[in-house]
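**Student:** Take a look at this one; I'll ask things after.
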Amino acid sequence: MAKLMLALDVLDENKALKIIEEVNDYIDAVKIGYPLVLACGLDVIKKIKDICDKEVIADFKVADIPSTNEKIAKITLKYADGIIVHGFVGEDSVKAVKDVAKNLNKKVIMVTEMSHPGALKFIQPIAEELAEMAKKLEVDAIVVPSTRPQRLKRLKNIANLPIITPGVGAQGGKIEDILNELGEDDYVIVGRAIYQAEDPKNAAKKFKEQIKNI
Ligand code: O7E
């Protein structure tokens, strides 16, 4: 069975922690990003882990020169179990993060193609090369769009790595369209369709049940 990762892009710590409590039984991991960390600080990761004891991935889409990437990774991975990086900045920049993560036994996840319409112009044309690079660098997983199931399949086949896939729910992606491609090491990311739902617990439960039907 694939796993469910909650994208917790809320701006209020109390709300974030309340949602975690509510959905805890149905999620396998939590993705936090700039919205929550800029609003509350990196300490929120510890607070989330105290409640749910699940993997917390920092989605900072790190995209800088190697020495700066290294500094960002060192601070982030003191708290988080993994960090998301951009690949388009080049092998050396990704490798800098990978080296930090390896020492700390943490994960590096690399973006190949993004899920939004704007990704078609600049990132889709290089996404297959990025997937090849991810394979070569042996990152832990790649990010692929569930808004484009054929692209998800193609990039997964090239990289031959676990996938983390956003776009289900608010962005129009459907779990049933990607189910055939998902394996037990893969994660489906869902954000607004859970945390903005009237009943987040029930929404998370439904996504989890859909994923179980593989
Ligand atoms: O659309 P939602 O609310 O379900 O949230 C999706 C989350 O995935 C949100 O945090 C967004 O920043 C992230 N995301 C995408 O939506 N598309 C991408 O291409 C990449 C990401 C992302 O998280 O990248 C790292 C996994």
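Glycine is no exception: its Cβ is also placed from the backbone N, Cα and C atoms.
Not my notes, these are from TrEMBL:
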type	residues	note
DOMAIN	3-207	domain 'Orotidine 5'-phosphate decarboxylase'
BINDING	Asp9, Lys31, 59-68, Ser115, 166-176, 191-192	substrate binding site
ACT_SITE	Asp59	active site, for OMPdecase activity
ACT_SITE	Lys61	active site, for OMPdecase activity
ACT_SITE	Lys61	active site, proton donor
ACT_SITE	Asp64	active site, for OMPdecase activity
**Student:** Measuring Cβ to any atom of ligand 1 with a strict under-6 Å cutoff, which of the recorded positions Asp64, Ile65, Gly169, Gly173 qualify?
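**Tutor:** Checked recorded positions vs ligand 1; flagged Gly169.
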**Student:** Other than its own, how many Cβ atoms are within 10 Å of the Cβ belonging to Ser115 (substrate binding site)?
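**Tutor:** For Ser115 (substrate binding site), the count of other Cβ atoms within 10 Å is 21.
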**Student:** Quick one: pull the CA-CA distance for Asp9 (substrate binding site) versus Asp59 (active site, for OMPdecase activity), whole Å only.
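**Tutor:** Cα-Cα, rounded: 10 Å.
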**Student:** Could you give the Cα-Cα distance between Asp59 (active site, for OMPdecase activity) and Gly173 (substrate binding site), in whole Å?
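**Tutor:** Just about 20 Å between their Cα atoms.
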**Student:** Measure from the CA atom of Asp64 (active site, for OMPdecase activity) to the CA atom of Gly169 (substrate binding site) and give the result in Å, rounded to a whole number.
**Tutor:** 30
**Student:** Show which residues of the chain containing Lys61 (substrate binding site), separated from it by at least 6 in sequence, have their CB under 8 Å from its CB.
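**Tutor:** Correct list: Gly33, Ile84, Val85, His86, Val111.
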